[in-house]
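What TrEMBL says about this protein:
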COMPBIAS  117-128  compositional bias 'Low complexity'
DOMAIN    174-262  domain 'Ras-associating'
DOMAIN    270-317  domain 'SARAH'
REGION    117-161  region 'Disordered'
Amino acid sequence: MEYGSCEYLVPCGKDKFISKNELLLHLKTYNIYYEGQNLQLRHREEEGELIVEGLLNISWGLRRPIRLQMQDDNQRIRPPPSSSSWHSGCNLGAHGSVLKPSTLPDIHVTDVDATVNTESTGSNTGTTRLQPEDPPQLLRTRSDVGVRRRGSSRTPSEQRRIRRHRFSINGHFYNHKTSVFTPAYGSITNVRINSTMTTPQVLKLLLNKFKIENSAEEFALYIVHTSGEKQKLRATDYPLIARVLQGPCEQVSKVFLMEKDQVEEVTYDVAQYIKFEMPVLRSFIQKLEEEEDREVKKLMRKYSILRLMIEQRLEEISEGPARL
């Protein structure tokens, strides 16, 4: 790398480099496009190395469901006594202990709608006595879905609960019934990364953000163009640099998270033909077949002539000793 001049090279993948000035021009165009938005990128230099950092938009392109973690890393949840107790009519205490059938516990209903209605009416009752024939309800976990009311003020306890939530995938938090689900195809999320992070590092960061149990080895990042071209980012590539070089407009190209074994790369040459109608494609095939036939006939004539020349030479050689 030529650090002695302003034209030193910035790595953008294995054996791939771009000049610093060219990258800064791309970065300037990128930031002008996102002027006034949080997708603008910043750059700095550390020990002579140019580092770009900021948010990268990634679209969900999964075909199979993903699994969300049941609990956060530092949170312990006691399981129920049996797998059937989640939906059975047994009585559970606040900490998952089984109570005797003769005593019915007071169960605090933590539904957000009920909480908001109770606070607005100024009621002093915080618990609800259920009838014996009604099955008891489980307390909501910290990671369950909360219903938000627009325009309504939240109490300090509600604000603390919301802050404790993990990130949601398009509004989806973990709960016991929907811990396995498929994100909407094409929906967008983002992660804050820098230009020194490789593709595997970005994948792990994204999965950790949403507490996804699946291994990062199952997925890959693809740059998908509107033309149909699909380019897989290698393990040695830097996704943020690749995004800057592709340009800022996501109507032209997007970064997708997809399964490795579900997607095949589509080259630019192949992508040119994807959006043609079938009659046009058939005419292309017909032209190619005709050209192939012409080439085959040309090769057959060429080697037929060579064969005759070789046979004639062999006859001359065989007749030579006989004459002697």
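Cβ from N, Cα, C; glycine included.
Annotations in TrEMBL come from automatic prediction, not curation.
For the domain 'Ras-associating' (174-262), the number of residues in each DSSP class (helix H, G, I; strand E, B; coil) is 22 helix, 27 strand, 40 coil. Secondary structure of the domain 'SARAH' (270-317) per DSSP (helix as H, G, I; strand as E, B; remaining residues coil): 45 helix, 0 strand, 3 coil.
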